Structure formats: C-alpha cells, structure tokens
Amino acid sequence: MSEVYTEWRPNNSPKLLDLLDDTVPGIGTYEDFNTIDWVREKSKDRDRHREITNKSKQSTVALLFSISDAFSGWLLMLLIGLMSGALAGGIDIAAHWMTDLKEGVCLNGFWFNHEHCCWASNETTFQERDKCPQWKSWAELMVGVSEGPGLYVVNYFMYMCWALLFAFLAVILVRAFAPYACGSGIPEIKTILSGFIIRGYLGKWTLIIKTITLVLAVSSGLSLGKEGPLVHVACCCANVLCHFFTKYRRNEAKRREVLSAASAVGVSVAFGAPIGGVLFSLEEVSYYFPLKTLWRSFFAALVAAFTLRSINPFGNSRLVLFYVEFHTPWHLLELIPFVLLGIFGGLWGAFFIRANIAWCRLRKNTCLGHYPVLEVVVVTLLTAFLAFPIEYTRMSSSELISELFNDCGLLDSSKLCCYTSNSGSASGSVNATAANGLGARLVGPDLYTAMWQLALALLLKMIFTVVTFGMKVPSGLFIPSMAVGAIAGRLLGVCMEQLAIRHHEGDIFRGWCSPGADCITPGLYAMVGAAACLGGVTRMTVSLVVIMFELTGGLEYIVPLMAAAMTSKWVADALGRESIYEAHIRLNGYPFLEAKEEFRHKTLATDVMQPRRGDPLLSVLTESRMTVEEVERLIADTTYSGFPVVISQQSPRLVGFVLRRDLVISLENARRNQEGVVSMSPILFTECDPPMSPSAPPAVKLRSILDLSPFTVTVHTPMEIVVDIFRKLGLRQCLVIQNGRLLGIITKKDILKHMAQMANRDPDSILFN
C-alpha cells in the first residue's frame, strides 16, 4: 500500500478537507496495468464541456477560452501529423543509407547512399546504373580488390559484421533504456485503445529509443519491416503531445481518441496511404471511434502525408517506393490465379500465426527467453550468412518488393526482365525485336536463374519471418508478409505468362496476346500476392485494398486485390479466427475483449460472478459504520481495484462503488490535512451526517468519490448480454444483485477467464485486470 501512497504529493491543500467541495490530486487517475472506466471518463468530459459552455456566456475571456478549447483538438492533430511525418522521413532516409553501408561507402561523402552517390556521376552507364567510380565496395577500399573471389569474401565478411553491429546495438539500446520499444507495438496499442493502462509504453524514452533502434533493426537485414513500429512511434508522439493539452492530459478516454487518430497517422507515413491509414485505424486497432475522431484522423493523416512528401525520402517525388504503372489490362479468367494467390495468402497467414505463436511461447517458457541479446545476434548471424549469396535476400525487403512489382519495360536491365527471342538471342526488354513477335517473351537463362533464386528466397523469408517477429528489437510484419506474397505472385505470374505465350492460340488464351505487347503482367501478380499474404496474417480487408492501391497507384486493379483479400481472409478464418495481433494479445494475457468474437454459450451472470459458492464473502465497505483503521486494513489485505459500498453487513443493499486508488489517496490526504483524523475516525459515504458523540473523532467524508450509479445486472442475466455491455460501454466491473441485495461482482478479467474456459483454453493465461 505504501507504493500507492508514494504516487501522490499534496499541493497546498486546505487545513480542513471536505471532499465534497475540493478536488484532491490523484483522484480519478488509474494505476498501472488497470482498465479505465469509460463511462466515468466520458461523464467527466461532458461535465467539463458543459461548464466551459456556461462560463463562455458570462465573459469575453471565457468565450475565448471556449474557442481555444474547441480548437485544441485540431491543433493537436496538426502537431502529431508534423512530428510523425518528420520522424518517418528521417527513419526512411537513415535506414536506406545504413542498409547500403553494409555493402560499401560513397567517396564523395559517406552520408550518401548508393543511389544518391551515383546520381551525380557522369561515368554511369544505363545498363549498369548502380555502378559508378564514386561508390566503392568494402573489398575495394580495404584490400584494393575489384574482382575475383577475394572481392566476394571480403564483402561477405563486412556485410555480416555490419549486420551484427546494427542488430546488437538495437537490442542493447532496447534492453538498457526502453524495454517497451521492442516488437511491432500494434497488439499493445489495440489493448491500450480498449482502455488498458500500460505506463511508459507510449512515453518519451520509448519514442526516442524506438526511433533509433528501428533504423538499426531494419538496416541489419533481419526479416522485419518498419511499418508496424511506425504506428507505435506515431502513438508515442501523440501521447507526448497530449501532455501539453489539459483536456487530453486529464482524461484517458479523450486521450484514446487522439491515439486512434495517431494510428491512422502511423500507417499514413508508413505506406504513404492517408485514406488507408484512417480505414486501418477504424477496422483494425480502434475500440471507440466516434465520427469526430474520423474527421480528425483524416486531417492528421493528411498533414503527415504532406510532411513526408515535402521531405521526399525516396527521391522520386512520391510518397512511396512501390509506385507502379501497368500498361496491360487484366483478363476476367485471371481471377482464377488471383483467387489461388488468395488461398496461398490465407494458408500462409494461418501457418505463420501458429508457427510464430509456438516459437514465442517456447521463448517465453524456456531458458531462451533469458538470453534476448544472444537470440538476436544468432538470428542476425544466420540471416546475414544465408541472405548474402542470394541477390533477392541480400537487398532490403522494400527494394525486393519494388523489383517484384515492377512491370518490365524497354529500359529494364533486371534479371526478371531477361527474356529471349525464338532464335535464342537474349533480350533485356519486353518488346525486343517486334519481328520475333510473341517469342520475344520466352524465358531466358538469366530469368531461369532468377526464378530458382526467388523460390529459395521465398523459403528463407518464410522461416526467418516466423523466428524474427517477437524478438527484443523493433519488428514490423507488413513488409515481410508482403515480400512473401510478392515472391509467390511473381513466380505464378511468370508461369502464367509463359503458359499464355505457348498456348496463345488455344481457347483459353486466345486474344490475350498480340505481337509487340504483353500477354500478362507478372508484376500485377506480385502485387496481388503481397495483398493476399498481408491479409492472411492481419485479416484486414477494406483497409488493405485501399492501402495497396494508394501504395502502388494501381487504381484499376481494385477487383483483383479485393478478390485476393477476401479469399485470403476466408481461408485464414477457416483455419483460425485470430489475426497475428489478437494472438499476441492472448499470448501476453492482456484483458482485451475482441468485438469480432461472438459469445454463443448459454451461461448466466451467477455462473461467472465472484465470489463463487464456498469462496470467502465479498469484500465490501459500509456507508457509515467503518473506521479509517478498518478500511486501511481491508485495503492492505486485498488487491481489488475497488469495493462495493452497502448499507450494512446485515442489510447488504447496494449504495455505490468506490475505486481503490481514489480511496487510498483520499485517506492519505485526510490523515495529512484534516485535523483530528485518527485510526478510529469514522468513514462516511452518506449524504447527511449521522448523530455522533461530541467526544468522537472527526469523520472523513468520502461521498464525492463514490459512484452512486454503478452498472448492475441480476443473477439471471444471460452472459451474452453481460459481454455485450462490457464491450459496448467499456466497463471495468459490473455488480450482481437480486432484489436490491448485493450478491457478487463481475470484472473484465472474470469474463475473459470464462470465455477462455468455454473455448477450452487456460483461464489463468489472463494475467491482468
């Protein structure tokens, strides 16, 4: 109990304390790892707004204050958008530079990445535009070798050294300064938005360390992305900025409206998709999303996208790296392979969730969890060792996806665009020699090599993504999942293309091909596959499709994306209802009531309430017959978050409910500031003072902290109704009565344990209330 007391410090409190008149510092706040009372927070905000409105009619100063209060929400959104956009731009630039640093350095300035270094060179050829005299590999710098096995060995060694250094720095910084900076952050943000308190998770240290270590983790070459953690970064920005605005600092429900908007900002800067970000917040993470929050989310996402566009981190005057322009329309029968990609995405999503949760549970329950630094170093070592020999795993996941989405054109020199003519001459372009007609699109030797390398890259990406997600470094899931789908889609796209060319006169493919034009666009298949795999893992649908067409600019390909996204969700849901984020919420034991999960069991409130038959009686307070000493002993002997108040032990008629934290702070405040309060002083929750002896010590009046209208249900209320009440009102607890007599209490933890028991899961996995 002393730990709770130390959280409060008196601020010039009056000599005589009457809680009916004065507000005590700390009253109405919450302890760590507890759930907020949504009903009380919304009621406090309505009272505050009503008071400001009434005062605004009395003076000009009050009117100006009312206007500034109404405008403060929009100002906060503007600041969140600017701050998040600036941080995202810096992360993109730094990650691009440090990723290239593993392979070499620019002589014109070490701060240039490979692409920017060669832009200014006049000695770069178009076929080898990634090679220029100003960019030197580590082998060329250290041993002066420009070709041969020595070049390969030195570059291989330096690649692994830089990867290990970046990953080691990331995990050490997280462990030392901000343990909450690891992971993606989206499962915890979903839980926080549902009303749970995790102190420090969105703090300034978490923001600083997550920003730095995110760059290091992405640059290390691990199979992770920065998109999920950027949602966490944006929410940290929002939480830090909320402290400058009184109405958001003092009200947890209002702050969660801001955090919902910040989630939209995170996706907006991660993908350059402001509309998709708003839909992502609405569909995936938000628990309470009023219409006002929708407008503010849109504004904040717009500001963030504009800020990122102004920084121009990719140097292409666009928000994203994956912008594509496909010139061939898709055919109706191509919906069949698109649906097959959706099935693959659903299977991959279900497999990934089960495999990753099994690995995380192994990490949690064995000695592996005691050595997070060693785990990160070993996984990085294996990833770098196996990734370097293969071109498509050596490059960053973002560059890989960009390469796979690309539609081969006349000027492309990629191996994925290396086709041959009928005569066998290699061609690096799509339309090589129109005289060869359709034969110019037959697979060449380099493309065969690229195909088996992609197949091997697909296998490695799948394995390393399973192992990497959940390690003690910032790790996102969007880009690795998209990479898996893009590889699978590109492989299927090339196969379909060759099938159409070789059977272009058949009944199925007749009219698809014409001389000098593409039959099929393999890049489109990569895009659809990326959407399918991301949907299978996250179970997103509407927001996913919007993000994909904002990400690529492929507006005319909405139907293939929709078909793949829906098929992926159906297949994944058939194999398991939870998304990866909900699975991690359950793994961590957070008290999260999923709105999508239906309660179908025919149980009653009496089956779930505490105490059960044979348990000790419910701990209650009486409205006028308990002393300070008795209440303090009850607080010391229990860990409950609050106590029902009844008329008396003999007549347990319900009066109200008081929170433990409010009670502790009020008693401590009364002992310090109210004259004559001793252990035998009576505690009063009554409206009128009962008759007392003149020699009796002064009473401590606590009626103002008493909730006089707690939510109640009867013992015969079906649990499906109780669950709906908890979901839709965001309750912490509900009291069970019969004919006005208090019989028990149901908390959110009791409901989650009951639901776990009904689903044949371990009810003790729910760790928090």
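Each residue, glycine too, has its Cβ placed from N, Cα and C.
These come from TrEMBL:
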DOMAIN    609-675  domain 'CBS'
DOMAIN    705-763  domain 'CBS'
TRANSMEM  60-82  transmembrane segment
TRANSMEM  156-181  transmembrane segment
TRANSMEM  202-224  transmembrane segment
TRANSMEM  230-246  transmembrane segment
TRANSMEM  258-282  transmembrane segment
TRANSMEM  332-353  transmembrane segment
TRANSMEM  373-392  transmembrane segment
TRANSMEM  450-471  transmembrane segment
TRANSMEM  477-495  transmembrane segment
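Segment contact holds for the transmembrane segment (373-392) and the transmembrane segment (450-471), given three or more CB pairs below 8 angstroms at sequence separation of 6 or more. Residues 72, 76, 79-80, 83-84, 87-88, 91, 184-186, 188-189, 192, 202-204, 206-207, 210-211, 214, 255, 258-259, 261-263, 265-267, 269-270, 285, 304, 474, 476 of the same chain sit 6 or more residues outside the transmembrane segment (230-246) yet have a Cβ under 8 Å from a Cβ within it.
Below 8 angstroms of C-beta separation, residues 87, 90-91, 94-95, 98-99, 101-102, 159, 162-164, 166-167, 169-171, 173-174, 177-178, 180-181, 185, 192, 230, 232-233, 235-240, 259, 379-380, 383-384, 387, 394, 396-397, 461, 464-465, 468-469, 471, 473-477, 479-480 of the same chain, each at least six residues beyond the ends of the transmembrane segment (202-224), sit close to that stretch. Long-range contacts of the transmembrane segment (450-471) within its own chain (CB-CB distance under 8 A, at least 6 residues past either end) are made by residues 171, 182-184, 222-224, 348, 352, 355-356, 359-360, 363, 372, 375-376, 379, 382-383, 386-387, 390-393, 400, 415-416, 418, 443, 477, 480-481, 483-484, 487-488, 490-491, 494, 580, 584. Listed by sequence, the residues of this chain that lie at least six past the ends of the transmembrane segment (60-82) yet keep a Cβ under 8 A from its Cβ atoms are 52-53, 234, 237-238, 241-242, 245, 247-248, 258, 261-262, 265, 292, 296, 299-304, 306-307. Under 8 Å from some Cβ of the transmembrane segment (332-353) lie the Cβ atoms of residues 462, 465-466, 481, 484-485, 488-489, 492, 496, 508, 520, 525, 528-529, 531-539, 559-560, 563-576, 578-580, 583, all in the same chain and six or more residues away from its ends. For the domain 'CBS' (705-763), residue counts in helix, strand and coil come to 24 helix, 18 strand, 17 coil, using DSSP. Counting residues of the domain 'CBS' (609-675) by DSSP class, helix then strand then coil, yields 24 helix, 17 strand, 26 coil.
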